[in-house]
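Notes follow the structure.
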Amino acid sequence: MAANMYRVGDYVYFENSSSNPYLIRRIEELNKTANGNVEAKVVCFYRRRDISSSLIALADKHATLSVCYRAGPGADTGEEGEVEEEVENPEMVDLPEKLKHQLRHRELFLSRQLESLPATHIRGKCSVTLLNETESLKSYLEREDFFFYSLVYDPQQKTLLADKGEIRVGNRYQADITDLLKEGEEDGRDQSKLETKVWEAHNPLVDKQIDQFLVVARSVGTFARALDCSSSVRQPSLHMSAAAASRDITLFHAMDTLHKNIYDISKAISALVPQGGPVLCRDEMEEWSASEANLFEEALEKYGKDFTDIQQDFLPWKSLTSIIEYYYMWKTTDRYVQQKRLKAAEAESKLKQVYIPNYNKPNPNQISASSVKATVVNGTGTPGQSPGAGRACESCYTTQSYQWYSWGPPNMQCRLCASCWTYWKKYGGLKMPTRLDGERPGPNRNNMSPHGIPARSSGSPKFAMKTRQAFYLHTTKLTRIARRLCREILRPWHAARHPYMPINSAAIKAECTARLPEASQSPLVLKQVVRKPLEAVLRYLETHPRPPKPDPVKSSSSVLSSLTPAKSAPVINNGSPTILGKRSYEQHNGVDGNMKKRLLMPSRGLANHGQTRHMGPSRNLLLNGKSYPTKVRLIRGGSLPPVKRRRMNWIDAPDDVFYMATEETRKIRKLLSSSETKRAARRPYKPIALRQSQALPLRPPPPAPVNDEPIVIED
């Protein structure tokens, strides 16, 4: 019962989206709407993921400690011997990367922004406290639903401010304490230079005479306000003018005038009414206009007694001293008393607490057990994997959970286990750090398919795999120049083989800037790409039509082979079939030609390197771990078997390719030079043309029989 009772001042979780993390808010008010619903007026807290990366870097810089140390014992205590150094919190250094990652999820940023949310969206309580340097950082991780903050975030201005003042430590900020005087020792300092006397307690006047003089001073102040046009507008009545003349500013000036005239009342009255007219003394209450007073009340309602923020955002033309002085005078007015009574009456009529039952509705991101089917690859399930097991958890990489939740973009089909989903909703991140944040253990290899692709739990094999979003890298001229000038730093071949390794672009840019003056003496020749206009290309295609490709001339050997029975030489494709309709590698990589004919070509297994492989029936190969069936109908060169057409889906991804090298291909590989091998690897779509000198040697003829005598067979 108490856990579901929410009061003003509680820190709570709010859910605004079924897939996003909870919002963290502090309840300021509970209001009942006209239709009977309860709305909560809350203060917003922001996570690290909600603000920009530049402000995150600023917050991390603020978290460093400024350690002041001296050059050594006995050194000068002045500013020369004091050195400031920014170091990382030593406690953060000792924490492992996983705890550092989780500690960042506990950091929040306070804001002055208020918003109203339905109370039915509350999903639980949490605790938020100001960061305490005396507490251990691990203590925040040991407590459940516990957060801390140290900076204030302004979502409109996109700025960060410190929420508390800082105590300045050092000789420049601390007072020098003199030694204690001994018994009977006199102070050698001149006291007249250290203090100023403004009132003499033992003066010749009695209290009655002083009170009468103060009454005269009030009367002079009232008369001066009657003569002043601006004051007559602000205090239109005599009663208000007399009240303004009776404030402390008038009395302090009268007593100061009496002290300066050596407590001679007649001289003091003459000083109050000089030749030009009576003296008018105004305080902050009279100096401020009505519009400025309204701005101050609005700022006080939003920021409270944070006078620095009030000055910066509402009254920048006023000094901080003036604002503080006006505040304490404003508290003595009738308007302040009336507002205080009105707020107290409103607080009595408002709700103090509200009961919100537990939210038991199913989350739309839940993955139902009926939709999880056993993953089938090439007609067989993954060995050692239980039916229903799919992709592992993106956070902890577990494959066992009583409930799964879809997470991330829908096309990625990522999911989280129940424990990591609760952590994601509360803390706005994953338990384990990613490779961008630090070390992260690799995925569970038991959850991989035979081709190394994670098996997805989807009802239809058409959506078993999704392609990643493509990108286009547009390089500038300076980037292309830097590739040549800083080749030993950039190491382009190494970077191409390891695209996931980061490149220090700042160091390369600095080195390129330093080498540019020397390189200007021998300028680099960049290849200029001249693109012809579209009209010129169309005219060329009209004048040079492509001739039709002639049919290949069949040789006598091919004619004889077409008449061979089907069982004589079955053609085996050594590439493993894919789960996407058993399509070959060439179909996925866009080789020119008719797709239907290409699927039926007997040399499709090695078409990329221009070699046709024919295997006799004597060699029994394995296909997907099973022996190839002997009763296989051979596909003749010009025949087209009834193949079920399947349209290629643009979101389907090709399967991995397994290339099995034979003795013949190894011999061909030895005939190629290293440059030709590398060129073929960089351009796998181009066929390899072997020169006649590189042709394979013919097999020697069979040896002649040893016995030359004829063999006679008698009946």
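Cβ coordinates are placed from backbone N, Cα and C, and glycine is handled just like the others.
From the options 461-465, 486-490, 631-635, 711-715, the stretch Swiss-Prot describes as motif 'SUMO interaction motif 1 (SIM)' is 711-715. In Swiss-Prot, the annotation zinc finger applies to 393-420, one of the ranges 253-280, 309-336, 393-420.
Distance from the CA of Ser522 (phosphoserine) to the CA of Lys182 (ubiquitin cross-link) is 83 Å.
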